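Shown next, in C-alpha cells, is the structure this report addresses.
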Amino acid sequence: MWWDERVSARFRRNLQPTLTYWSVFFSFGLCIAFLGPTLLDLRCQTQSSLSQITWVFFSQQFCLLLGSCLGGVFKRTLAQSLFALFASSLAISLVFAIIPLCHNVVVLAVVMAVAGLAMGCIDTISNMQLVKIYQKDSAVFLQALHFFVGFGALLSPLIADPFLSDTNCILSNSTANASSNLPHIRKSLVPHHPGNLSHYDLPMKGMVVTRVSYAFWIMALINLPVPIAVFFLLYKERMVPCFNSSSHPLLSADELAMETRPTEKDDLSAAAQRAQAAGGHDDLFSCCQSKNFRGASYTYFAVHITGALVLFMTDGIVGEYSGFIYSYAVEEPLSVVHKVAGYLPSLFWAFITLGRLISIPVSYRMKPATMVFINVVGVLITFLLLLIFSYSVVFLFVGTASLGLFLSSTFPSMLAYTEDILQYRGCATTVLVTGAGIGEMVLQLLVGSIIHDRGSYSFLVCGMIFGGLAFTFYAFLLFFHRMYPKPSADLDDASPDKPAITEDTGQYQR
C-alpha cells in the first residue's frame, strides 16, 4: 500500500467511523449543488418571480454559515457529535422529500434554511472528528472527506437534468416568448449564485407543468443510507438509549495490547484527554470567550486569522467562479454558444472532484504546507494566463479545469496545516470553516455587483485580485508559523499555546 503499516492499521481500527464521516460529507455535496439547475422549475412550482426565488439561495447560504458556527457546540462528546450528524443527514433526506410539496416561496426558503443548518453542522463536525481521530495523519483522510463533497456536488445536477423542463413550466399566453429564453436563463442559474435575470420576463400565473419532483425524491432515496450508517455507528458505540447495554465489545489481541499501558501512561492519557476537552475545537462562540485567550501569544491569534483569510479567498473563488463562469463565457469577446458554455461549471466541479481524488495519495507523501503553496500559486498563475489569453475559448476550458485542480485540495490541506501548527489546541477547524463559508457568500455578492457595473471582463480581474490576496495571506501564515512558540515544558498548562499531549494509540476516542 502507498501508506505505511501504522497508518493502515489506524485506518482499519477506525474504519466504520471514517467511512461514516465520508458518507455524511456526500450528503453535504449532494445538497449544495442541486439548487441552481432546478431553480427555474422551483420558481414555476412556487409561482414566484425570479427576484423572489433568488432569496432561496440566500437562506441556504446564510444558514449554512450559521450552522458552521454552531456545529462546534455538539463536539463536546462523541454521542452529541453523532446524534447531530444523524439529525443533519436525516434532515437533508427529509428536505429533498419535502421540496416538491412547497408551493410557496417563503416555505421553500424556510426548508432550504433547515438544509443549510444541517449542511453547516455536517461541515464542522465531520472535519473536527476526523482531525481528532487521526491528528498528525489527518491530511490524507481530510482529502478523501472533501472528495465526497465534490462527488455529491457532481452527482445531484446529473440526477436532476433528465427531469428539468425543456420549455417554460408555467403555461400561459406569453409562454412562447419565454420559452426561447429558457435555456439561457437555466444555464445562468448555476449551483451557487444566480446572475442578473431581471430583463427576462417569464409568466407567473398559469398551469404548472414540471417533473422535477421525481429528481428530489430520487435524491432523498440516494441519501437515505447516510443517516442509517450514522445510526449503526451510534449502535456500535452503545449510544442508542433503547439499545444501550452495560457490556462492551471485546477488543482483538492487537487492540488489547495497544490498550495495555503502565499506570503512569494511563494517568498521562487521562490528563491529556481532559486538557483536550477543555481547550481545543470549540464552537465559534466558545472560542471567543476571554478564558481561551489567557496566556496566548499574538501568533496564536495570527495563525487562526491568516488561515481563515486564505480560505476566505480560495473558497470565495470557488463560489464566484462556478457562479459566473457561464455568464462570462457567453458575453463578448468570447461569445461562446450557450450550450457549450453550459459545460464550464460542470467541468469546473468535475476537476475539483478529480483533484480531491488525486490529492488522497499525494497528501500522504507531501506536507500540507507544500500542497497549500502549490495550490495558491497555481490559482494565481491560472488567473494570470486567463487574463493574457482572454480571447481564447480553448484556454478558457483549459484554465477552468486547471483552476478546479488547484482549488480542490486547498481547504483540507490548509485545515491539516493549521491544526499541525497549533498542535490541535486552538479553534482552527471552527474558525477556518466559518471563514470559508463567509468568503463563499460574500465574494459571490461582491463579484456579482462588480460584473453588473463594470462588465464581464472584471470577473477575471476579481479572480486575479482574490488569488493574489490568498497568496499574500499564506505568506503571512508562513511567517507566523516561524514565529509561533515551539512546545516547551515550562509553558503554563492553561495556555492555548501549549500542545496537547496525546497518547497515539489510534483508537476511536469516545
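Cβ atoms are placed via backbone N, Cα and C, with glycine included.
The region 'Disordered' annotation in TrEMBL covers 490-510.
Annotation comment: TrEMBL describes 21-40 (among others) as transmembrane segment.
The transmembrane segment annotation in TrEMBL covers 52-74 (among others).
If you look up TrEMBL, you'll see 81-99 (among others) marked as transmembrane segment. Listed by sequence, the residues of this chain that lie at least six past the ends of the transmembrane segment (81-99) yet keep a Cβ under 8 A from its Cβ atoms are 20-21, 24, 27, 30-31, 42, 71, 74-75, 108, 111-112, 114-115, 117-119, 121-122, 125-126, 128-129, 213, 216-217, 219-220, 223-224, 226-227, 230-231, 233-234, 237, 239.
Residues or ranges marked as transmembrane segment by TrEMBL: 105-126 (among others).
TrEMBL lists 138-159 (among others) with the feature transmembrane segment. Within the chain carrying the transmembrane segment (138-159), a Cβ under 8 angstroms from the stretch's Cβ atoms is held by residues 3, 7, 11, 18, 21-23, 25-34, 36-37, 126-127, 130-131, 191, 215, 218-219, 222, 346, 349-350, 352-353, 356-357, 359-364, 368, 408-409, 411-413, 415-416, 419, all 6 or more beyond its ends.
As annotated by TrEMBL, transmembrane segment applies to 214-235 (among others).
According to TrEMBL, the feature transmembrane segment maps to 300-328 (among others).
The transmembrane segment feature in TrEMBL is assigned to 340-358 (among others).
TrEMBL lists 370-389 (among others) with the feature transmembrane segment.
Residues or ranges marked as transmembrane segment in TrEMBL: 395-417 (among others).
According to TrEMBL, the feature transmembrane segment maps to 429-451 (among others). Through the fold, the transmembrane segment (429-451) approaches residues 61-62, 64-65, 68-69, 71-72, 120, 123-124, 127-128, 131, 192-193, 195-196, 281-284, 287, 304-305, 307-309, 311-320, 323-324, 327-328, 411, 414-415, 418-419, 458-459, 462, 466 of its own chain, all at least 6 residues removed from its boundaries and within a Cβ separation under 8 Å.
If one looks beyond the transmembrane segment (457-480) by at least 6 residues along the same chain, the residues whose Cβ comes under 8 Å of a Cβ in the stretch are 299, 302-303, 306-307, 309-310, 313-314, 316-317, 320-321, 324-325, 327-328, 369, 372-373, 376-377, 379-380, 382-384, 386-387, 390, 418, 443, 446-447, 450-451. According to TrEMBL, the transmembrane segment annotation covers 457-480 (among others).
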**Asked** Cβ pairs under 8 Å with the transmembrane segment (214-235): which stretch of 21-40, 52-74, 105-126, 300-328 has the most?
**Response** 21-40
**Prompt:** Any contact between the transmembrane segment (105-126) and the transmembrane segment (21-40), i.e. 3 or more CB pairs below 8 Å with pairs at least 6 residues apart?
**Reply:** yes
**Item:** Range from 21-40, 300-328, 370-389 with most C-beta pairs under 8 A to the transmembrane segment (52-74)
**Value:** 21-40
**Intrachain residues whose Cβ lies under 8 Å of the transmembrane segment (21-40), provided they are six or more past its termini** = 53, 56-57, 60, 85, 88-89, 92-93, 95-96, 112, 115, 118-119, 122-123, 126, 129-130, 144-146, 148-157, 159-161, 164-165, 169, 182, 185-186, 189-192, 194, 212, 215-216, 219, 222-223, 225-226, 229-230, 349
